[in-house]
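**Q** According to TrEMBL, the feature signal peptide maps to 1-23. The domain 'EGF-like' feature in TrEMBL is assigned to 30-68. The substrate binding site annotation in TrEMBL covers R118. If you look up TrEMBL, you'll see H205 marked as active site, proton acceptor. Residues annotated as active site, for cyclooxygenase activity in TrEMBL: Y383. If you look up TrEMBL, you'll see H386 marked as heme b binding site.
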Amino acid sequence: MRASILGFVFALLLLLREPGCHGDEVTSSTVNPCCYFPCQHWGVCVRTTQEEYECDCTRTGYYGENCTIPEFLIRVRYFLKPGPNVVHYILTHFHWLWDIVNSTFLRESLMRLVLTVRSNLIPNPPTFNSKYGYLNWESYYNLTYYTRILPPVPEDCPSPVGAKGRAVLPDPEVVVERLLKRRTFRPDPQGSNLMFAFFAQHFTHQFFKTYNRMGVGFTKALSHGVDAGHIYGDNLERQLALRLLKDGKLKYQVIDGEVFPPSVVDAPVYMSYPPGVPAERQMAIGQEVFGLLPGLGLYATLWLREHNRICDILRAEHPVWDDEQLFQTARLIVIGETIRIVIEEYVQHLSGYLLNLKFDPTLLFNSQFQYGNRIALEFSQLYHWHPLMPDSFHINGDELSYKHFLFNTSILTHYGVEKLVDSFSRQVAGQIGGGHNINTVVTHVAVGTIKESRQLRIQPFNEYRKRFNLEPYASFRDFSDNEEIAQTLEELYGDIDALEFYPGLMLERTRPESIFGESMVEMGAPFSLKGLLGNPICSPDYWKPSTFGGKVGFDIVNTASLKKLVCLNSRTCPYVSFRVPAEEKSQPGKECPDEL
Ligand code: HEM
Ligand SMILES: *[C@@H]1O[C@H](CO)[C@@H](O)[C@H](O)[C@H]1NC(C)=O
Ligand SMILES: *[C@@H]1O[C@H](CO)[C@@H](O)[C@H](O)[C@H]1NC(C)=O
Ligand SMILES: *[C@@H]1O[C@H](CO)[C@@H](O)[C@H](O)[C@H]1NC(C)=O
Ligand SMILES: *[C@@H]1O[C@H](CO)[C@@H](O)[C@H](O)[C@H]1NC(C)=O
């Protein structure tokens with residue numbers, strides 16, 4: 001009986017998901033017809049005359065004026081395919097099933113399926129950007145732009161979200177005040193902790209670096225992916241200022257016998273601090289905004305120590321290598337370690353999947369998978385996970401308010417790596433979805449996110465639901481199980497098809513006992529996995545021992561973990577995890593575990 005369920009589940013998962021069928025809309029004769037998003041199922045809306053348009057349905061599996069009529073095979077597949085909530089339920093239940101799957105070839109098969117199904121939702125080469133809603137060379141070639149999955153809402157539409165809903169969109173301040181601002185702290189039911197929250201922020205800020213001086217929609221992180229630019233800087237000049245230029249290492253300073261990032265006096269790079277913070281107290285870090293939070297300084301310290309530790313290992317293996325080769329190879333190892341920790345621990349935790357996720361680039365060597373990545377504006381909007389932040393920070397028995405925590409240059413050295421890791425690993429983070437959970441200190445960021453979305457004319461939430469093969473919501477009550485939220489949204493937006501992208505992600509009903517709802521997972525996972533596996537080190541010509549300085553270096557990549565990152569770079573081994581400890585387990589292990 002178990003074997004047959006197993007086979008059934010496998011068959012279910014194998015059926016690639018296809019878009020559902022969506023209703024037609026009424027157009028008015030004076031409005032650009034594309035403002036109503038008439039083309040379904042990834043069809044492209046091309047305007048012809050004032051009142052006319054055409055849908056290009058090529059390779060969508062559908063035909064007809066609005067790409068709504070399915071071809072026969074699509075009809076069969078659509079009938080058979082399980083919805084994302086069914087797949088999610090299976091992936092997060094039936095322990096006995098996954099106990100079997102985890103230890104057989106099915107783990108690899110399912111992992112390959114997860115990677116390909118998710119990645120196929122992301123176009124490669126990239127398509128639109130905030131200036132161009134049609135394909136063109138500039139949009140492909142100019143890396144200064146974030147890419148866009150869906151084209152911007154045309155400028156001549158009645159509203160920044162098209163043509164539906166109220167004539168005027170609600171004031172972003174009002175949306176945040178009434179729906180997103182925290183009332184009382186609501187912990188994440190999945191038990192994510194601050195170690196997780198700061199990892200999320202630290203990791204993503206290597207590729208989310210909005211270039212405010214250029215304007216919204218532009219990025220400073222031109223490699224568009226996991227390049228460890230938050231450790232080494234996003235340009236060569238900064239990198240050279242941060243490097244010791246000896247043995248491949250990064251500059252550092254020693255405080256009370258412990259290694260920390262150097263001061264800006266010794267590594268002259270720009271760091272973003274409030275006026276009045278003296279240069280001696282500013283730490284020089286790859287990412288210029290990481291002085292903001294001791295949690296970011298903590299990860300910067302860990303990765304700096306790790307980089308220099310790897311350099312020692314590489315130099316012992318290759319006494320003839322010069323500084324440059326040691327540095328460059330250590331950087332690739334750091335990138336590899338990062339990707340492994342993100343997939344096998346961070347995404348594993350976040351997904352709640354019982355399938356044991358595996359970082360193994362060889363899984364894709366026989367698939368049609370394109371290497372390369374371009375960071376999307378939608379991905380940056382989606383990742384504004386500020387509800388994770390608590391109301392205050394509990395460190396080693398002290399309670400610190402935001403006023404004392406933000407930009408405080410002494411916390412990192414005062415407590416040291418071990419105590420911060422232990423404290424951050426024990427303090428629960430906030431639930432991201434479900435509304436009413438952003439601390440007032442950061443509500444202004446949410447306001448800015450909504451303003452940016454309007455200025456850059458990001459399509460409404462339901463259009464993204466369709467783009468990621470999800471059914472659009474039919475009403476606000478369908479969208480949320482919270483009557484107050486549904487009612488307020490109805491009042492503010494008037495039409496579910498006018499609901500904006502970011503508020504939609506933050507306010508959608510959460511899955512049971514989960515950190516957020518269906519859309520965050522179904523839209524976030526494709527961006528994330530494409531970005532991780534699309535990295536050049538995952539391609540066949542790179543993914544081999546010699547790239548990482550031989551077997552020793554390759555082994556470091558293949559066995560990396562959060563625990564090792566901390567415990568191989570600290571004196572004692574604190575409690576370290578992306579999850580708060582289970583209630584019963586009270587005492588942290590104070591010694592380094594055997595496997596280290
Ligand atoms: C107390 C903690 C935090 C503070 C004070 C803070 C503050 C800010 C500020 C001021 C911005 C820039 C907004 C703008 O320029 O319009 C920002 C952007 C952002 N934040 Fe946070 N943040 C915090 C925690 C987090 C966390 C935990 C995450 C989780 C991933 C996060 C994700 C982001 C993202 C993705 C952006 C956009 C970055 C970009 O496009 O350059 N933040 N945050
Ligand atoms: C296509 O969509 C337009 C605009 O939404 C609508 O007026 C028209 O009736 C639709 N055509 C078909 C064949 O459904
Ligand atoms: C990219 O586009 C921006 C805005 O049009 C322009 O200022 C910049 O010079 C372009 N960059 C390159 C490399 O062409
Ligand atoms: C299978 O993997 C999941 C996720 O890593 C884990 O929670 C579960 O305990 C594993 N089962 C076995 C038997 O390893
Ligand atoms: C910074 O943190 C230290 C140690 O917790 C604290 O004593 C100090 O008051 C803080 N500084 C500021 C400016 O808040």
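Just so you know, glycine gets a Cβ as well, placed from its N, Cα and C.
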**Q** Is H386 (heme b binding site) helix, strand or coil when read with DSSP?
**A** helix
**Q** Please spell out the DSSP helix, strand and coil residue counts for the domain 'EGF-like' (30-68).
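**A** Helix, strand, coil within the domain 'EGF-like' (30-68): 4 helix, 10 strand, 25 coil.
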**Q** Rank aside, I only need the closest one: which of the recorded positions R118, Y383, H386 has its C-alpha nearest to that of H205 (active site, proton acceptor)?
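**A** In terms of Cα distance, H205 (active site, proton acceptor) lies closest to Y383.
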**Q** Mean pLDDT over the domain 'EGF-like' (30-68): what is the value?
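**A** The average pLDDT of the model in the domain 'EGF-like' (30-68) works out to 95.
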**Q** Mind running the recorded positions R118, Y383, H386 against ligand 1 and keeping the ones whose CB falls under 6 Å of it?
**A** Y383, H386
**Q** Count the Cβ atoms, other than its own, that fall within 10 Å of the Cβ of H205 (active site, proton acceptor), considering every protein chain shown.
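**A** The Cβ of H205 (active site, proton acceptor) has 20 Cβ neighbours within 10 Å.
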**Q** Please report the distance from the Cα of the residue listed as 'heme b binding site' to the Cα of the residue listed as 'substrate binding site', rounded to the nearest angstrom.
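**A** Roughly 25 Å, rounded to the nearest whole number.
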